[in-house]
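A.B. asks: As annotated by TrEMBL, active site, proton donor/acceptor applies to H145. Taken from TrEMBL, the feature active site, proton donor covers K149. For G9, F10, K11, G12, K13, M14, E40, G89, T90, T91, A115, P116, N117, F118, the entry in TrEMBL reads NAD(+) binding site. Residues or ranges marked as NADP(+) binding site by TrEMBL: K41. Feature annotation from TrEMBL assigns (S)-2,3,4,5-tetrahydrodipicolinate binding site to H146, G155, T156. Feature annotation from TrEMBL assigns domain 'Dihydrodipicolinate reductase N-terminal' to 3-118. Sequence annotations record features per position, and here TrEMBL assigns domain 'Dihydrodipicolinate reductase C-terminal' to 121-255.
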Amino acid sequence: MTIRVIIAGFKGKMGQAAYQMVSEDASLTLAGLLDPFATEKEIDGVPVFNKKEDLIGLEADVWVDFTMPKVAYENTRFALENGFAPVVGTTGFTPEQIEELTDLSVEASLGGLIAPNFAIGAVLLMQFAAKAAQYFPDVEIIELHHDKKKDAPSGTAIKTAELIRETRASKHQGVADEEELLKGARGAEFDGFRIHSVRLPGLVAHQEVLFGAEGEGLTLRHDSYDRVSFMGGVNHAIKEVVKRNQLVYGLENLL
Ligand code: NAP
């Protein structure tokens with residue numbers, strides 16, 4: 001039996017990569033495509049929609065979402081309310097929204113995933129960073145993305161910081177009388193350490209986690225050079241969420 005997939009944001013950079021990946025997997029079928037400005041009515045026999053409400057009643061199993069931070073929460077809610085298991089790569093969710101959507105998934109008895117990063121290397125980097133933070137409480141995160149990215153810091157950086165917070169002995173880094181001569185020079189503060197966001201054309205998605213201690217340093221780095229790096233994770237998630245009955249946050253929970 002094939003898994004029927006909707007792709008929300010199919011005209012975007014990630015949406016196009018997801019469209020390609022689903023089209024090439026014989027165990028998956030494209031059931032519908034959503035983009036507010038699409039002019040096509042169908043593509044290769046797959047119906048195209050401009051409004052999510054027009055997907056009510058569509059025979060589909062999974063809602064893949066690569067849209068924009070400002071619509072992803074409403075989209076995920078909509079998917080859960082209409083029987084589609086969400087696989088969401090769009091970033092920008094608040095912890096409260098994730099909690100609310102998890103509760104909703106339990107009520108609906110639907111699996112789902114919100115993943116700030118679908119690349120296996122990035123998932124491993126987050127786990128290594130949490131491990132290292134046990135021994136190196138002095139840490140800074142630098143995330144680097146293409147210059148069209150709308151949210152900062154990245155969802156991956158926030159998730160990495162949350163995992164580090166769980167293992168790191170709480171401390172406020174830097175001197176108490178530190179002064180920023182240019183506002184923002186020290187980046188965003190998260191639980192006493194800093195996150196820096198770089199935006200440049202040519203980049204895709206990259207992250208460094210730098211640890212420092214007396215006389216030594218440790219740097220972890222992950223690079224997504226191409227959006228294809230995310231598609232193995234998206235493919236795996238589509239096949240997992242249909243077997244589950246609760247939404248989870250982070251691909252590591254489905255591996
Ligand atoms: P993008 O190229 O700007 O694509 C977003 C697409 O969503 C655009 O085509 C946009 O259409 C469309 N869209 C806007 N509102 C919509 C709605 N209400 N319903 C359906 N589609 C809508 O961005 P991207 O680079 O593909 O990234 C998309 C998201 O994925 C971002 O949040 C990014 O941070 C995230 N991301 C996640 C991962 C991961 O591994 N989890 C990796 C990379 C990126 P218009 O342009 O016509 O407005």
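Easy rule for this one: first residue shown is 1, then count along the chain.
Backbone N, Cα and C atoms are what each Cβ position is placed from, and that goes for glycine too.
Could you place the listed features in the three-dimensional structure?
C.D. replies: In sequence order, S154, S197, V198, R199, L203, V204, A205, H206 make up the list of same-chain residues 6 or more apart from H145 (active site, proton donor/acceptor) whose Cβ falls under 8 Å from its Cβ.
Here K149 (active site, proton donor) comes close to R199: these same-chain residues lie at least six apart in sequence, with C-beta atoms under 8 angstroms from its C-beta.
Cβ neighbour count for A115 (NAD(+) binding site): 27 (other Cβ atoms within 10 Å of its Cβ, all protein chains included).
Classification of K41 (NADP(+) binding site) by DSSP places it in coil, neither helical nor stranded. The Cβ of K41 (NADP(+) binding site) lies under 8 Å from the Cβ of P47, V48, each on the same chain and at least six residues away in sequence.
T156 ((S)-2,3,4,5-tetrahydrodipicolinate binding site) falls within a helix when secondary structure is assigned with DSSP. Within the same chain, residues at least 6 positions away in sequence whose Cβ sits under 8 Å from that of T156 ((S)-2,3,4,5-tetrahydrodipicolinate binding site) are T91, P116, N117, A122, M126, E143, A205, Q207.
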A.B. asks: Sorted by position, what residues of the same chain at least six away from E40 (NAD(+) binding site) have a C-beta under 8 A from it?
C.D. replies: V48
A.B. asks: Determine, to the nearest whole angstrom, how far the Cα atom of K13 (NAD(+) binding site) is from the Cα atom of G155 ((S)-2,3,4,5-tetrahydrodipicolinate binding site).
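C.D. replies: So the alpha carbons of K13 (NAD(+) binding site) and G155 ((S)-2,3,4,5-tetrahydrodipicolinate binding site) sit roughly 17 Å from each other.
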A.B. asks: Between H146 ((S)-2,3,4,5-tetrahydrodipicolinate binding site) and K11 (NAD(+) binding site), find the distance joining the two CA atoms and give it rounded to the nearest Å.
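C.D. replies: With distance taken Cα to Cα, K11 (NAD(+) binding site) is 17 Å from H146 ((S)-2,3,4,5-tetrahydrodipicolinate binding site).
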